[in-house]
2 protein chains.
Amino acid sequence: MNSQQIHLASRPAGTPTADNFTLQTIPLPELKEGEILVKNTWMSVDPYMRGRMIDRKSYVPPFQIGEALEGGAIGEVIQSNHPDFPVGSKVSSMLGWRTHYIGDGTGLTRLPETTLPDQSFLGIMGMPGMTAWTGLFRIADLQPSDTVFISAASGAVGSIACQIAKMHGCTVIGSVGSQEKAEYLRSLGVDAVINYKEATNLTEALAEAAPQGIDVYFENVGGEHLEAALNNMNDYGRIAVCGLISQYNATEPQPGPSNLSMLIIKKLKMQGFIVFDHWAHYGEYANQMGQWIAEGKVKWEETVFEGIEQAPRAFIGLFEGKNKGKMLVKL
Amino acid sequence: MNSQQIHLASRPAGTPTADNFTLQTIPLPELKEGEILVKNTWMSVDPYMRGRMIDRKSYVPPFQIGEALEGGAIGEVIQSNHPDFPVGSKVSSMLGWRTHYIGDGTGLTRLPETTLPDQSFLGIMGMPGMTAWTGLFRIADLQPSDTVFISAASGAVGSIACQIAKMHGCTVIGSVGSQEKAEYLRSLGVDAVINYKEATNLTEALAEAAPQGIDVYFENVGGEHLEAALNNMNDYGRIAVCGLISQYNATEPQPGPSNLSMLIIKKLKMQGFIVFDHWAHYGEYANQMGQWIAEGKVKWEETVFEGIEQAPRAFIGLFEGKNKGKMLVKL
């Protein structure tokens, strides 16, 4: 049995290109006792993976050149020498970017019995959904009376954050980069949408969209978005810093916001987080979101590329705004 | 009776100059029933006052051109028609920048009976001391095992923050702008001192001073200091944003730190605060600090200018690093 895998060929300088990746075919050994062979059916590409392509100390070690990339994946057990993972079981893992792998169960989670599509565990029922919920409730202490600004609002995390905040009773403003995405956001019930590519002044656009000011900013973007949010925050506002996608491909250090004095003037809290630190609370999230889905209260979109060889293109597409909702690769 | 007062003549562009101030002599009316006449004996100049010289919405309204400035002051009642403030009582107020004023008791606090010098209620027993304590404990949740970095560490707030953190068991690194101030800081028991004017690379200087990393940053400065702190923070570090003095006199917007991604990578919390929001806890602070002083555990310095006409010079001196400890004007 062979596994097709995407390896990191070289570290990207700026926006990743196809050259930074190679497709390798690796023979897999025979299964030993206690092992299983998994065929991946879906894999996730996420903006945070860009950070792991840089050779630096971080919360997860950097990807190594000449080795397979990693990331969320859903697969099916096709051979088993392990009683807990019979053939036909579906498992989620961090062993994406490959068609097959052998495991002994470590780091694998069997999908629960649900009527949800498997790939939802890479999106709304998985890391992106849990990220949205964690940022809003565990970092920003979301209250029903809050006005919430969410950047990259049509993405995997943003589109779920918008809906959770609406269900909690909040007024929600989202920013997106196209009219099509703006329409999508309106279809989710968001109160006001900013197309940042058409706004000449993001501070003014946000002031117009939220004349009452912003209590919570769910930060996915950085740069001008953060500056505009700081200018429009209300006293005691909270900023959950989830991502800074505008910075990820920068080849030179990007200056930060010139208005950090707003932190003092408005007594703001700004806090970065990594969802994996909060994973002990996943059950709480999954129960709540499962119920919202059963009640028909949430929607989600997927942008799907097909075939392992398309994975680099899907990943690069994240930085070109090619996805609406969760970007996935079907294997 | 006349009151000599410093008025704002014009809004400073950049660092304030003598031209921005005028000394006015204003006749005071006769005392009415329920009123007192106070002769100020000490007044405070503080960096935050620079912010009130800008015409913008903030937590306190801006100073008005052609009117007396305001700030912390200690005075003595010299005429009284008010039973709660007999002649000879000492009062603290926000009615500094003037030699005399008439009041009805509103906004005035009688100094407690202590053996402390009156002006300590403008320093270690007043707003600057309370600011240091609030930032460390109520914002940064200081723990005895923490390594703490304090910028502007020889100033009124910084020098108290250094000593409180040391008494709490922390390792303390301070940054200052001269060798004389560095010596002063060492005399307070600080573990390592950085003279930022001599450091070619503040990130490296801080890494050398705190190879174990920084858990809490008490931010008084901004700019390169913040960038260096972010680079040296440990996971789950806390940044209490008290002041950004490097920005106060900027005539153009100053770019913020280029490494805000550290907020995510290291899961940091950064929070701005205004001490007046925490004033309900002043009694707790004053009891604790009074005890430390009685036990001879804390030291403080004062830099004193004499005469109301010197007040602008004292204020301007804050931005030239002219003070060690609390900058005061004796009236």
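Glycine is treated like the rest: Cβ placed from N, Cα and C.
Where the annotation comes from TrEMBL, it is an automatic prediction and has not been curated.
For the ranges A:1-21, A:106-126, the feature annotated in TrEMBL as region 'Disordered' maps to A:1-21. Residues 27-28, 37, 50, 53-55, 63-69, 97-101, 249-251, 308-309, 311-313, 315-316, 319 of the same chain lie 6 or more positions beyond the ends of the region 'Disordered' (A:1-21) yet place their CB under 8 Å from a CB of it. Secondary structure of the region 'Disordered' (A:1-21) per DSSP, as helix, strand and coil residue counts: 3 helix, 8 strand, 10 coil.
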